[in-house]
Protein chains: 2
Amino acid sequence: MPVHLTAPDAATLKPVAGITLGYAKAHIRKPDRKDVLVMQLSPGTRVAGVFTQNRFCAAPVTLCREHLAAGNEIRALVVNTGNANAGTGEPGMQHARETCDALATLLGCQAGQILPFSTGVILEPLPIERLVAGLPAAVAAQRADGWLDAAEAIMTTDIVAKGASRQVMLGGKQVTVTGIAKGSGMIHPNMATMLGYVATDAAVSQSALQAIIDHAVNHSFNCITVDGDTSTNDSLILMATGQAGNAEITESSSEFEALRAVMTEVAVELAQAIVRDGEGATKFMTIYVEAGKDREECRKVAYAIAHSPLIKTAFFASDPNLGRILAAIGYAGIADLDVNAMQLYLGDVLVAEHGGRAASYEEAQGAAVMKEAEITVRVVLNRGSAKATVWTCDFSYDYVKINADYRS
Amino acid sequence: MPVHLTAPDAATLKPVAGITLGYAKAHIRKPDRKDVLVMQLSPGTRVAGVFTQNRFCAAPVTLCREHLAAGNEIRALVVNTGNANAGTGEPGMQHARETCDALATLLGCQAGQILPFSTGVILEPLPIERLVAGLPAAVAAQRADGWLDAAEAIMTTDIVAKGASRQVMLGGKQVTVTGIAKGSGMIHPNMATMLGYVATDAAVSQSALQAIIDHAVNHSFNCITVDGDTSTNDSLILMATGQAGNAEITESSSEFEALRAVMTEVAVELAQAIVRDGEGATKFMTIYVEAGKDREECRKVAYAIAHSPLIKTAFFASDPNLGRILAAIGYAGIADLDVNAMQLYLGDVLVAEHGGRAASYEEAQGAAVMKEAEITVRVVLNRGSAKATVWTCDFSYDYVKINADYRS
């Protein structure tokens, strides 16, 4: 069961002026399932994206990159679940192009103004006829308040639909930021196997939007992991429709940091929701590494801990078998790490220092923390002033069950 | 259950002239369990070792390195299970020294001539009194044919005792090579969490023995993984008593390659046994990556596949969800990998080429291979002539169960 996560109420996901969303049940993989989403953007909407670093990236990812790189004015996004259109070679590229062609015809724009996304099983041909056949219904069903339906339409092994919304005053105007995301396995930096869409009605320059997405992704989706796998389809898209009536925000605007903060906040909430709904998750863990030489080494230590199946199973069992954390710190790849100089905390409890168990530590303290559903592991390296945070979940029987059964 | 692995028959583990082994039940962690092993070496025995790269290495590992670096003539090894004496700070170092002192007194040698080893739970104080109290019984119980008992005495979560033996003619003399190992979780290169001891009665120079261990470890224990965790205590020791009566083998001897081959063969059998007995293993997988630019990139790809929980659970389920393998190849870290140039085989079946599913591939073929207990995944990168092999196992419910319950 997801850890402290419930689906958002439809009313909490505020419409973003200039964006409408509609879904269809196109039987991409299974019948009677919302599996195609169309998100239409008003003219002039600015769009920025970041995508998976996987060399085996999916065909739609390649096409998204092309359409954004060309500087096209993006008019719609289309997402299908049930099939990732990855590992599908040249036919997969053709299918992604056909999807864009078909939606462009329906919307009266160019194919290059569409961004396509797919998520689901890899290495199987996309059922392009069913996808295209589903588009008219999705287009017709569009509503401004369709965000919760949209969040549901992009789910795969997710148990809970993921959405977040904020409203703030910027430059004297009320600005809305609403986002949805999906993903629960194959979650890793660069990035989570996830799709994320965060929209605002604020007017933002293209370069400011790019700066915001770089900051937001590095503090949200690139700080989470479920199983260390990096997917072929990861995509995060930021959209700014410019309909809030504010003066365009640039990187030198006084409102820039406030907008970046609120968009990052929505991205963090979505990213954490992905971990809370991690496949089989029963615990939500924050791995906080501080006093490192640089952020990179802090991240190495945090990810060594977050990826260790031994540690993740111990958390599942609520077993304070904390030596496994020391072992992970030791193999994280800091060649000159002085293990005698660092401290390890579980919650507020000092567990280890001087290269061994802290004199004050008693197992009952560790056991008490381990029983919580939300646990912070804190490592103080005492060799600098950098820090990093990673969010992850535990590793349960259900993780194995879900992934052993996923296709069946 | 271990995959095609049964404990060796006592008679198949041939004694090595110059070595005797004895165990005791010292109640290190649990009662009535063989948990202390003493292995005594005749004077003049040459010893070489390789150890974990983990910065949080255990106290006995530090002491082993000291005693070997000093060039001391090693006269005995002592191993305890139930407690790793890792993450134990300065008291841990004192306990390791006390262990050597106590055994040296019993054997009439110097403490610096003892190599100590520990395996078990990390971060808990070694019960040094019980360990020392158990030594006289272990010393008294020594026998030349004690190898199977010794293999049993070093087990932790292992289900099956691991040993292998070979006899060959070298320089007109019969030479014996016998080894034992333990380990089933925290298995990873550099090295497996494992203890391995391989002995021969051949006469070998110290530098030749060092060359043999470097070769043997790179082709055996450094090619396996169960869960990607690198332990604090990994150690592999090679011993050569020189009692077979052959002329001393140096690196320029005509017998050098033959001895290296047979010692490597024993190491490979032990390393594979560790994977076959991997925690919860139901499948034994050989990941073979060829036609890469260099061995390092081949190993990156092989380990990306071998470490992926998504792939390991799919193998557990016998589900040919092979897109997950493409995804792992894609995120293995080869920045300029051309995914359209490579091929993926499952057993003898061509699964993917030209960036997607092979035209000839049918899922029934993949399903048939997945049902086997031993499966080869072959990746042909088509960008060079290097290759690498990694052995691993699948990821089952029982892996979670074992690691959730290990301390209880």
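The backbone N, Cα and C atoms fix where each Cβ goes, glycine too.
As recorded in TrEMBL:
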type     : residues                                                   : note
ACT_SITE : A:Thr193                                                   : active site, nucleophile
BINDING  : A:Thr156, A:Lys182, A:Thr193, A:Glu279, A:Asn403, A:Ser408 : substrate binding site
### Task
Name the secondary structure element type, per DSSP in three states, that contains A:Lys182 (substrate binding site).
strand
### Query
If you draw a 10 Å sphere around the Cβ of A:Lys182 (substrate binding site), how many other Cβ atoms fall inside it, taking every protein chain shown into account?
28
### Query
What number of additional C-beta atoms lies within 10 angstroms of the C-beta atom of A:Thr156 (substrate binding site)?
21
### Message
With every protein chain in view, what's the tally of Cβ atoms within 10 Å of the Cβ of A:Glu279 (substrate binding site), excluding that atom itself?
### Response
27
